[in-house]
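One structure is given below, encoded as structure tokens.
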């Protein structure tokens, strides 16, 4: 007899995954449905449809129903005993919204176990599509959101972020303007995460306390929707109507929403006692997969760079994102997203290889060697200026700049900053400089979110975790540790592409097995086998070096402001 099992679902842009763990957090089953490869009847590409004339990107909701049928069938084929499943949670692509019709609750309640979800729920939606995070059709609405409370800083302070095209508030506002009749006939609006939970509950589930922060509507400090922003978003239908559509938001991320709907008991053999737990967003689920403790930092080094941190400090800024932590009251998730990441590093790598006549140009060996041979900030002697640069092959959002390259020399003794005048040995000096540039930006923007780990040691993360392609690179790891610190070191995380589903599954384990008042970090931390997932790859805090980079952060901030001024952005 197997012990209890838990499922975490991950509904992303290109696939739905169901991952099953036991109480010891061991993965026992995985079932995937790839939208492009496995779906029938949808003219999608990479999971979405586009209307380029209006910059719209969206997914057919019926596709997700087909995918859930497919994933559950996949688990059945693997011989999983559904009666062992004790709890279900999920992770959804953030910001996406689902528009339910007036008959949705009735259709959800009356599901016939002999038929698929797709056959029965196709008519449950007032609008057949869900806007995707790649959608950029809402510039007008974003401008109005940014102005509503006085400016971007005020909006960021209230909701954790300035207005973004993909955020649900601006999307709903545009929806009610574009489709006023459909909006009136919409009974409820779900996020992708609460949509997953609704399907299993057999009625509309509330939104999750963390994912609700990706809407530009939730006032994080007040713990309630912001009336002014609701008013702006709702248009002529009014605030009360929009509040009804959105529903209440429970504060406990581990609340038991209710038992699984009898449809799943009859069709698959789930136990009627299987409990549904709020599903959260994909980024909040990622910090649960670690589990990321307060002051830990995670850097995802893919095509773009994402920085995630769990922190007790709430210090919002228009360039960053704050969300409520998905499980732990009093903590926040801090997030930074950059457009320029891997591509910018690869261009320097290729230039270094070309200069050395190395083929193929895609090998990292020379880039690593040059990076490690170059002294911090390119300073061969203490009296040399620090070499600072911005390297943006594509337009950047943090800070908001066109594509381009800028190089400066900074003197920390007198704080002077000069455009570089031929002192760079290109492209060799750029190898270290580009890694430093990316890491200094992370350190600058996460200032004030960490504590001192001990007597006489400056505030810094406890651990720095690296994930994604760049985490395999020893030179990048070494520079990351020198700049970001990490009192326990820099670790490579081997979680593959399962992070979101794992985090959701762990959330279900915690919600069902916690003692009264037991935090997620405590319960999961005791059971997590870190040696299976992580490997220490570099030292973190190094006295002297960390402090020198602290001076470089000041120069880096000056450089950004100077470039913004030159570009007429400041």
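The backbone N, Cα and C atoms fix where each Cβ goes, and this holds for glycine too.
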If Swiss-Prot says 166, 282, 283 bind substrate, which of 95, 127, 325 does it name for the same site?
95
Given that Swiss-Prot assigns 469, 470, 473 to the ATP site, pick the one from 133, 218, 364 that the record assigns to that site as well.
364
List the same-chain residues at least 6 positions away in sequence whose Cβ sits under 8 Å from the Cβ of residue 364 (ATP binding site), in sequence order, or say none.
349, 473
With an 8 Å cut-off on Cβ distance to the 364, 469, 470, 473 Cβ center, who else from the chain surrounds the ATP site?
301, 342, 345, 471, 472, 476
Sorry to bug you, but what's the C-alpha spacing from residue 470 (ATP binding site) to residue 282 (substrate binding site), rounded to the closest Å?
21
Please work out which residue of 283, 473 has the most C-beta neighbours within 10 angstroms of its C-beta, and give that one of the binding-site residues.
283
Would you find the one among the binding-site residues 95, 166 whose Cβ has the most company, meaning other Cβ atoms within 10 Å?
95
Over all shown protein chains, what is the count of other CB atoms within 10 A of the CB belonging to residue 282 (substrate binding site)?
24
Ranked by the number of other Cβ atoms within 10 Å of their own Cβ, which of the binding-site residues 469, 470 ranks first?
470
